[in-house]
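Here the structure comes first, spelled out in structure tokens, and everything after it is commentary.
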Amino acid sequence: MTQSFPNETTLNDGAKRLENEGSGNFEESPAKRIKLDKPENPIHAQPENNGAQRKKGTAPIREEYLVRSGQEPSVKQTSDVRDDDEAEAARHQERAGEKGGKQRKKQKGQNTARKFGKSQDEKGLCQSVSHSPELSPRTCQFGDNCRFEHNLRKYLKEYKREDLKTFNGMCPVWDAYGLCFSGWKCRFVGSHMTERELEDGRKELVLVEDEERKNAAMPLVEGGAEGGVFNSISTEQKVDLMKKRRKTPKSDAYTTWLDETSKQLEIHNHGRRFADENNVEANGEARDEVEDRRAQFKEPPFLPSEKRRLYFGSETPVLAPLTTQGNLPFRRLCVELGAQFTYSEMAMSLPIVQGHKGEWALMKAHQSEVLPPTIKPNQGVVKDYDHSRDLKFGVQISANKPWQALKATEVMTALCPHLRVVDLNCGCPIDLVYRDGAGSALLEHPSKLEKILRGMNAVSNEVPVSAKIRMGTKDNSPTALKLIERLVLGGPEFTEIGQGPAGVAAITLHGRSRQQRYTREADWSYISECAALIRRLNERSDDLTDTIREADDRLQAPGRRVYFLGNGDCYSHEDYYRAIGESGVDTVMIARGALMKPWIFEEIQAGQYLDKSASERLSIVEKFAKYGLNAWGSDEHGVGTTRRFLLELLSFTHRYIPIGLLEHLPPRIQDRPPAYKGRNELETLLASDNYKDWIKISEMFLGPAHKDFKFEPKHKSNSYEIEG
């Protein structure tokens, strides 16, 4: 691609110019809405074409957009695609690369230990000056020993890069909130500063605030921090966790009970096996023993709190937990486009308990995520469901030991009041997580998994607990059916001591095994089997109640119903409604489909394909850039962070093939295109898998990259480093 973009290019002029220019080989195509003949109930919508003419694995690009050898420009996408859970665990896979040696060799073309360089001022501005008027800074605690700059005019002239001219030179943070949280460090500081003359004749630089914007940006929900961010804990609270000053009495008591009960069960079951081997028959005395067996075991130290009622339905598509890509700005974007529920990136339990700053940052949610979903169920569908108390944001954790998960759940639900659910990841396939005994390794230890979920349910206060699982760890040995029965009814160990169900509120099944990778499709027929099982178990829940004593409601799933979500390869509204109508899941969790085209939630809501024009797609990129600056700051560091995550997003969105270019519908997430061109230059640019084009797109909104900025995509062939 030879077209260059000056750093002052804006969406309004740059995008339109690219759409309207171009050689005669590019067709101009306005935004279109391709709508199928949809029946009244969109669940039963059928694809337009039966796919008989389609070549498996190849996107059916229309002849006029194919590029033959020697023609330019063109797009031919590579197939270095990671499956849903690999995308979810990207950050943890990178840790494996830090160990080097054999592990690094095993990754082959993958950049596992990625580095992104630095984006910072040549010399930083002291915090005592960063938000103060020029002539009245706060006192610096380091005095003459401070290594940062205190002369504001010198900093602005010599150490800070020139202001960005994107967004018409207006700071997106100041425009949204009436003040800029980056102060003098902002790359748009010229848009919210002025020089005033004092009574003594001196001139002073001051930051400007806008009261009208500030009032309009007041949070709609109590408890939010600056920028409408929720679940942000203080430095003091993190220090208390690091120094083990914050106690977790519930987790400690329940873990002790679990350990003692497990030992008793082991002794008891050993005795039963010995009796069976010696053909001891069950006489009257033995039957009496069965009835009073539970008296030999201690009761749990406390019962779970009553849980907030949940609802999942066909009108509530869910955004999957996505590490790296599932950051706050991206989730905010998806909620705006129609996602009803979101999850944090997968957080590791032990760092949460130890107060690690990076892990606690994953708990932060945007204001739009702590509001109730925009759609509520019909009256009476869910007993005692209170829509006003519901919210969209849940967290996902990973753990390999019960005490870690319990402590993490207890402190999270205590310190973060805006959580819909705490989800346990039991499906992460990454070797580092698996070898540690977490993620999909828990599928091989169902009793341990049940203990973890029971404990989490006991200490999570009113917040429900859920689990995300895979079909199993090996291709030909699916275990999800047995595991689901255990999680819904309770395993034999806990049933024997009268503890009943595990209390899990929802289960998500990814239709792949740990062994399986993206090259094969998710198994929705198996997901359908599991959905049928859960329906039967939910319908029979009253009949399956403990026969010795009635199980306490607090031990049951909220509302005595376990919701079931399917996950894997959902790429259109047709895939979504087919999964609900034919497979019988309550709703679908969407991962790669949302990364490749975030407006999939709009399509689901509309029940039709949306053929986004190139400028419409670029406006989504622009919106992500704005939300990134709001979340990470508009200073040099924040701009660099936003650029890094924008490039991560573009590494997925470039794989989207506009449906107006396809010969047959529906599009398939596994299909790869032959070399093709877009309907205009901008559309071709957005489809490029060349990292240089991704950088070019980022510069439309974030200006030229810092000289020390470096970007290493997942695949080594796409690395980028600024050349000074």
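Glycine residues also receive a Cβ, built from the backbone N, Cα and C atoms like all the rest.
Quantities reported herein were computed from a predicted structural model and do not represent experimental measurements.
Record check: Swiss-Prot places Pro321, Leu322, Thr323, Gln396, Lys468, Asn567, Gly568, Asp569, Ala591, Arg592 at the FMN site, and the matching candidate among His356, His510, His637 is His510. Your range for zinc finger, going by Swiss-Prot and the list 171-192, 413-434, is 171-192.
Within the same chain, residues at least six positions away from Lys468 (FMN binding site) with a Cβ under 8 Å of its Cβ are Pro321, Gln396, Asp423, Leu424, Asn425, Cys426, Gly427, Ile507, Thr508, Leu509, His510, Asn567, Met589. Long-range Cβ contacts of the zinc finger (120-153) within its own chain (Cβ-Cβ under 8 Å, at least 6 residues beyond either end) map to 159-161, 182-185, 198, 202, 204-207, 635-637, 640, 706, 708. Within 10 Å of the Cβ of Pro321 (FMN binding site) there are 31 other Cβ atoms, across all protein chains. Take the CB of Arg592 (FMN binding site) and look out to 10 A: across all protein chains shown you find 25 other CB atoms. Per the record's binding annotation for FMN, residues Pro321, Leu322, Thr323, Gln396, Lys468, His510, Asn567, Gly568, Asp569, Ala591, Arg592 show a top Cα-Cα distance of 21 Å. Separating the Cα atoms of Thr323 (FMN binding site) and Cys428 (active site, proton donor) is a whole-number distance of 11 Å. Within 10 Å of the C-beta of Asp569 (FMN binding site) we count 26 further C-beta atoms, all protein chains included. Cα-Cα distance from Cys428 (active site, proton donor) to Arg592 (FMN binding site): 15 Å (rounded to the nearest whole number).
Residue counts for the zinc finger (171-192) by DSSP state, with H, G and I taken as helix and E and B as strand, are 13 helix, 0 strand, 9 coil.
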